[in-house]
Amino acid sequence: MFTQTPNLVLFSQQTLLCIHGNDNAYKCHQCQRLIFLSANAGVHKCEYCHKVFDQQSSLLSHNCPQMKPRPYKCDTCEKSFTNSQNLNTHQLIHSGIRPFKCTTCDKSFVNQSNLITHTRIHTGDRPYHCTHNDCDKSFHSKSNLNTHSYIHQGIKPHRCEICHKGFTNQSNLAMHTRIHSGHKPYVCQTCEKAFTNQSNLISHSRTHTGEKPYKCEYCDKAFINQSNLVTHRRTHTGERPYQCTYCSKTFINQSNLVCHTRTHTGEKPYVCEYCEKGFINQSNLNIHIRTHTGFRPYVCEVCEKTFTNQSNLITHGRTHSGERPYKCNSCDKRFITQSNLAQHSCMNSHFPKPYQCDRCSQFFGDRMNLISHQCGPEDIKPNVDNLQTQISNNDEQAKIKMQQQQQQQQQQQQQQQQQQQQQQQQQQQQQQQQQQQQS
């Protein structure tokens, strides 16, 4: 723009020279930057994609993708493009042709730019850094950085024409519109299950191949996709970035927060087509539907018993393996499930029994036990006085047990000391006998 010699600055444009000599500078109210042209003093936003620029000239030279016509539409998924070349490249996704292969993991891509971006997963290279305050995130590609920057700006330029929900990029909008249309163009070649987007299909296909390319650096556990790895990693770091606005409870991922929030709002958007029962998430609905269809896809390898969900299969598997991961801290007894442990703790007075029969005054640690009680109480509520009494009793019992354990430890230490003394005496006697024999 300019060259500098001693005591002399040479400008390539006369307008820059005028600006250089102007003492009447304008200050930007957003970043406090000094601006020499009043036209550049404000915040300039594109009315189509809502991207923000600090100079009017940058806005005028901005090639907004929303302004460009997209006459080339894919016949398979209805995604549109500005030119035929981009359409042809996109259609390779549906044809299965992927000419560009990764030399590290043999994964293939429809174009070279996607391959270059992918190789950075192996090398760990993240050359695109977010410059927003207090954000140190970096990305494999510039497009991911641009999409991420919308989060800081609160911009969602791509909106659904049906429900007006906003998205930070076009691909997320395209996937969302398939929820309304029911269109699932990506089909698994193994089980013919269909998906709205390719990433879900790729993750699903790994359940058949057993491939888990994303490994945790803390425990070497592997996952079928990057998002599951990121969520798992937070179990090590303790990070829980998603907080409920109702009760301040925190979560490791956004989907758990969304489902939890529905327990406050009462929203159950996933409705069973057989009995119209509602659920807070899709997975619970899928498990419930199997009670109507009789579909039990999870099979025990030992006895071939079938189950509607994986958690029940895992619990059942412990009856064969003998694994009892849930241990009672009071009596060291172990259980297959956490609910069995909780029930045991209440029934054996490890914890208070707050539910009292209003007819015979018998106490129960579990609400279901009170309901099935023969007296059939009409009013079920915890007995607060009894709860406080039993808590104090449990505290005293815990103190007594701790004192007993301390006494046992002291006795064991004394026994060990006595054994050591006896061994030392025996060694001394042996040494004396050896000396006498030598003399």
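Each residue, glycine too, has its Cβ placed from N, Cα and C.
What TrEMBL says about this one:
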{"type": "DOMAIN", "residues": "44-71", "note": "domain 'C2H2-type'"}
{"type": "DOMAIN", "residues": "72-99", "note": "domain 'C2H2-type'"}
{"type": "DOMAIN", "residues": "100-127", "note": "domain 'C2H2-type'"}
{"type": "DOMAIN", "residues": "128-157", "note": "domain 'C2H2-type'"}
{"type": "DOMAIN", "residues": "158-185", "note": "domain 'C2H2-type'"}
{"type": "DOMAIN", "residues": "186-213", "note": "domain 'C2H2-type'"}
{"type": "DOMAIN", "residues": "214-241", "note": "domain 'C2H2-type'"}
{"type": "DOMAIN", "residues": "242-269", "note": "domain 'C2H2-type'"}
{"type": "DOMAIN", "residues": "270-297", "note": "domain 'C2H2-type'"}
{"type": "DOMAIN", "residues": "298-325", "note": "domain 'C2H2-type'"}
{"type": "DOMAIN", "residues": "326-350", "note": "domain 'C2H2-type'"}
{"type": "DOMAIN", "residues": "355-382", "note": "domain 'C2H2-type'"}
{"type": "REGION", "residues": "394-439", "note": "region 'Disordered'"}
{"type": "COMPBIAS", "residues": "403-439", "note": "compositional bias 'Low complexity'"}
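Long-range Cβ contacts of the domain 'C2H2-type' (158-185) within its own chain (Cβ-Cβ under 8 Å, at least 6 residues beyond either end) map to 65, 76-79, 94, 143, 147, 150-151, 194-197. Counting same-chain residues at least six beyond the ends of the domain 'C2H2-type' (242-269), those with a Cβ under 8 angstroms from any Cβ of the stretch are 227, 231, 234-235, 278-281. Sequence-distant neighbours of the domain 'C2H2-type' (72-99) (same chain, 6+ residues past either end, Cβ-Cβ under 8 Å): 65, 108-111, 174, 178, 183, 185, 198.
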